[in-house]
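Below is one structure, written out as structure tokens; the observations come after it.
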Amino acid sequence: MKSLRTLLGTWVVALFAASCTFDGDRYPQSSVHPTSDFAEMIHGLYVDIFWWTLGILVVVWAVLAYILVRFRARPDQPIPKQIHGHMGLEIGWTVLPALIVVAITIPTIQAVFSTQTANLEESLVIDVIGHQYWWEFRYPDTGMVTANEVHIPVGQQVSFRLSSADVIHSFWVPMLGGKRDANPVRVRPEGLDPEYNWIHLTANETGTFWGQCAEFCGDSHSLMGFRVVVESPEEFDAWQAQLAEPVVAPEVAAAEGDSIATPVQVADVDPLVEEGRTIFHQQTCVACHAIQGTNAQGEIAPNLTLLGQRSSIAAGWLENTPENLERWITAPQDIKPGVLMPGVNVAGGNWPATNLTEDQVRAVAAYLYSLR
Amino acid sequence: MSVATESAATTHDAHHGEPTGLWSWITTVDHKRIGIMYFLTSIFFLLVGGLEALLIRIQLFKPENDFISAELYNQLFTMHGTTMIFLVAMPMAVAFFNYVVPLQIGARDVAFPRLNALSYWIYLFGGLYLNASWFVGQAPNTSWVGYANLTSTQFSPGLNVDFWVLGLSILGVSSIMGGVNFITTIINLRAPGMKLMRMPLFTWMTFVTSFLLITALPVIAVALIMLAFDRFFSANFFNVAAGADPVLWQHLFWIFGHPEVYILVLPAFGVISDVIPAFSRKPLFGYPVVVYAGVLIGFIGWGVWSHHMFTSGMGPIADSFFVATTMIIAIPTGVKIFNWMATMWGGAIRFTTAMNFAVGLVALFTVGGLSGVMHASAPVDLQQHDSYFVVAHFHYVIVGGILLGMFSGLYYWFPKVTGRYLSEKAGAWHFWTTMIGFNLTFFPMHFSGMFGMPRRTWTYQSELGVQLYNQMSTVGGFILGISTLIMLYNVLKSAKSGAPAGSNAWGAPSLEWSIPSPPHHYNFPALPEVRSREPMWHDDERAAIEAVTLAHPAKEPEMPGPSFWPIVVASGVTATWALVMTGVWWVPLIGLAYTTFGVFMWAFEDPFKHLESSH
């Protein structure tokens, strides 16, 4: 038992060390490095309960250790005194734990209520829609849409309205707070509002925070990450404005004879990008993907507006580089099993293989990377 | 075989009238043989589930590993959970119920010996059916909780979920019958003087668990049948697009699932409540309190299910209710821990392997219990839920609590079953490798969870910084694997050549230690009269009992004969469910006809026919 206790003791010390001294950069998905009011409230509660439970554990283990040493059977020991019980002790060790759980329960219930109520008038509402295996974010106020990387302003209350397009997912950004399930929206009789789950929080630090689906949702559940970019209100407004009028060359709309396109700024004229642009907008890509300001208006797959700005692709799984984009376009199912996107040689969802050549893949990747 | 040889040194009497050979085991209705079969089968599935766990641990050894595919990984963790709960932990407890309870209460068998055989065979066939999915490459893959609507045909079109739905339905039948059998046995078949409040704690906890079995299993049965209707007959119970509540399945599952946790853990509590007094040479401290705490846990266990669902969006009022009930259930659990420690206090503790495992349970279950208090706080649970922190928590409960309790029971009752002790030296190796392997596997998971690793993930990115913790877990997992092999070696070797044990191998207080080891097939030649809770510790009472239990009767008690029909009915029940898989409505009727045939033959078979023919 001694060596076991030493080992466990070391780990408990390590637990302290880890929860007190690590930095957020080392654990980008840490639940013990709060950066919002919601996360701080949970963390405060956790720390309180941690001390209570650690105290109980230390007492139990210390008494147990004493018993095991002190009451070890000795040779020729007579039969020990036969004690059947003690009412006072029973009452004592019933009441004492009861008081401790009351001490834990009261702040818990306070936190339950305070984290689940918010004034939506003061909130920036963002729709979060889980899909197998990516995240869609919609800003109802501006009509803007993005995927897998959501921007929010620091110091402003944000209310995430959670739902799912298919199965149950769970929206979890540990540094910004606890998770909540994104349930498929139940069809209800007329007159009844649809039911949503909400997360309300006010971020108090800028930075990019990692999130991940926390409810098992199928083949690629493990690869269903996302990022939350917390930025200053000015940066946030600029980003929203850029989303509305992204950098896309006008000839795309002209070439397609499409009336959806809005007036846009002229992008760079790298011929590779131009080739990729042509391929993307003439192929089946546009059936599922949308790029603001172009003929691509599909809603089944992630919105690719300003894709080049995102830090990651494939729902937080790959760093956003032209090489990774090429890998993804070539064989998405090799990276993310069960994904609906077709690859160069494999069909996906309802779509046949794209049959793009290597050069064409490079061109499409260059085009997508140029959307910034 | 007709002449009994008197032996003063050992109690290895020749066993009269007990048939041997494979056929006698297949047709047996003897609770002891059924208990042994339950145990061996659960050990087989423990190896299967353990192998699945090791493959999972190899995959998670390093970030972005591709040792196995995501599809296979999802099947492995689903089957690991399903196997360990339904095919290992529950039946291993039932193995002990079977072997020990009739002996502890002074009964010759359970109330319904053939139903008992049927329970076992359904368990075996159901387990094999569930695992047959591996051979078609479509093992269940939606986790052991199988949340709707992922389990719908739209999102899970393969056979995977079919195997799971039908396999669990089959296994449920077995558990419910077992529950009925043990409730009846404990109520009706106690020896004279064996009042309820004189029953050993293991029998008490079997009693409570049996009530949970017959009340909780029907809930999951209903949920599974609803899901089967959705899948095979296009019903809409869980079809959100047709207006179903998206969390209905979760409520049904956890109304079963939380009592299930106590179905698993109460037997282990029962085991160590017998082991700790035996090796402290002191009666259980606060016996009535420990009994009531167990009963209370059984009751309150029904009111806490939604603490598994704090993230599902139930609203603050429901959240608060389940916070409160969950906090309350921590109290009787704590009371049990304190009573076990008070039992040891002032005792003369013998550190046998059985006792080591019992003490290990007290130490480690406490860790799992306390991390449970953390998740009981709903806001904190929003961070810990579905992360590796929770994986750490419930393995401290299920391995640190239940499995250690079962191992304690194994070392404790093995001499009764075989007449031989398990090797204490191998036992020490088994114990220490279990402790080291277990803690090394599961303690670091608190960290990987805290640092944001969700459970049920096939791989993780190196940036999460959880590689070190995963490596510790993987190494620990293999040590745990080695410990299991040591246990297996010990069981196989000691069954053949272990040191012989007398009738009361440990000087323990309860009735099962009054009869020879191994017991006669009829257990008690005549029923002893019990006058206290520790009959074997009071000299005059023990003498009176042993005069009855060690006597050689002129004529052996008549026991019900073997029967082939339970196995026929069991295979029929399994086949009927399995044939539902065809999706053609009349095909399962073939299985039903076969089952009905078996039931008729069973009903009209004279259970005492063998006695007439042998006389």
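Backbone N, Cα and C define each Cβ position, glycine as well.
Those TrEMBL annotations? Automatic predictions, nothing curated.
Because the structure is a prediction, the values reported are computed rather than measured.
The annotation domain 'Cytochrome oxidase subunit I profile' is assigned in TrEMBL to B:25-531.
The transmembrane segment feature in TrEMBL is assigned to B:76-97 (among others).
Per TrEMBL, the feature transmembrane segment maps to B:118-137 (among others). Among residues of the same chain six or more beyond the transmembrane segment (B:118-137), those with a C-beta under 8 A of the stretch's C-beta atoms are 34, 37-38, 41, 45, 48, 75, 79, 82-83, 86-87, 91, 94, 159-160, 163-164, 166-168, 170-171, 173-175, 177-178, 181, 566-567, 569-571, 573-574, 577-578.
Residues or ranges marked as transmembrane segment by TrEMBL: B:163-189 (among others). Long-range contacts of the transmembrane segment (B:163-189) within its own chain (CB-CB distance under 8 A, at least 6 residues past either end) are made by residues 78, 82, 86-87, 90, 94, 97, 101-102, 105, 107-108, 110-112, 115-116, 118-120, 122-123, 125-127, 129-130, 132-133, 138-140, 142, 146, 151, 199, 203, 206-207, 209-214, 217-218, 220-221, 224-225, 227-228, 231, 573-574, 577-578, 580-581.
Taken from TrEMBL, the feature transmembrane segment applies to B:201-229 (among others).
Taken from TrEMBL, the feature transmembrane segment covers B:249-272 (among others).
Marked as transmembrane segment by TrEMBL: B:284-305 (among others). Same-chain neighbours of the transmembrane segment (B:284-305): 197, 201, 204-205, 208-209, 211-212, 215, 251, 254-255, 257-259, 261-262, 266, 269-270, 273, 276-277, 322, 325-326, 328-329, 332-333, 335-336, 339-340, 342-343, 345, 533, counting only residues six or more beyond its ends whose CB sits under 8 Å from a CB of the stretch.
What TrEMBL lists as transmembrane segment is B:317-342 (among others).
For B:354-374 (among others), the entry in TrEMBL reads transmembrane segment.
TrEMBL lists B:394-414 (among others) with the feature transmembrane segment.
For B:426-448 (among others), the entry in TrEMBL reads transmembrane segment. Proximity of distant same-chain residues to the transmembrane segment (B:426-448), defined by a Cβ-Cβ separation under 8 Å and at least 6 residues beyond the stretch ends, is recorded for 57, 352-353, 356-357, 360, 364, 371, 388-389, 391-392, 395-396, 399-400, 404, 407, 411, 466, 468-470, 472-473, 475-483, 486-487, 489-490, 493-494.
Look at TrEMBL and you will find B:468-489 (among others) tagged as transmembrane segment.
Among the features that TrEMBL reports, transmembrane segment is placed at B:586-604 (among others).
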### Task
Could you pull out which residues elsewhere in the chain have a CB under 8 Å from any CB of the transmembrane segment (B:317-342), counting only those six or more residues past its ends?
269, 272-273, 276, 284-286, 289-290, 292-294, 296-297, 300-301, 303-307, 309-310, 358, 362, 365-366, 369, 372-373, 376-378
### Task
Sort out the residues at least 6 away from either end of the transmembrane segment (B:586-604), same chain, that have Cβ-Cβ distances under 8 Å to it, and list them.
114, 563, 565-566, 568-569, 571-573, 575-580
### Message
Are there residues at least six beyond either end of the transmembrane segment (B:76-97) with Cβ under 8 Å to its Cβ atoms? List them, or say none.
### Response
35-36, 38-39, 41-43, 45-46, 48-49, 52-53, 55-56, 68, 119, 123, 127, 130-131, 133-134, 139-144, 164, 167-168, 171, 175, 178, 182, 202, 206, 209-210, 260, 263-264, 267-268, 271, 398, 402-403, 406, 409, 413, 456
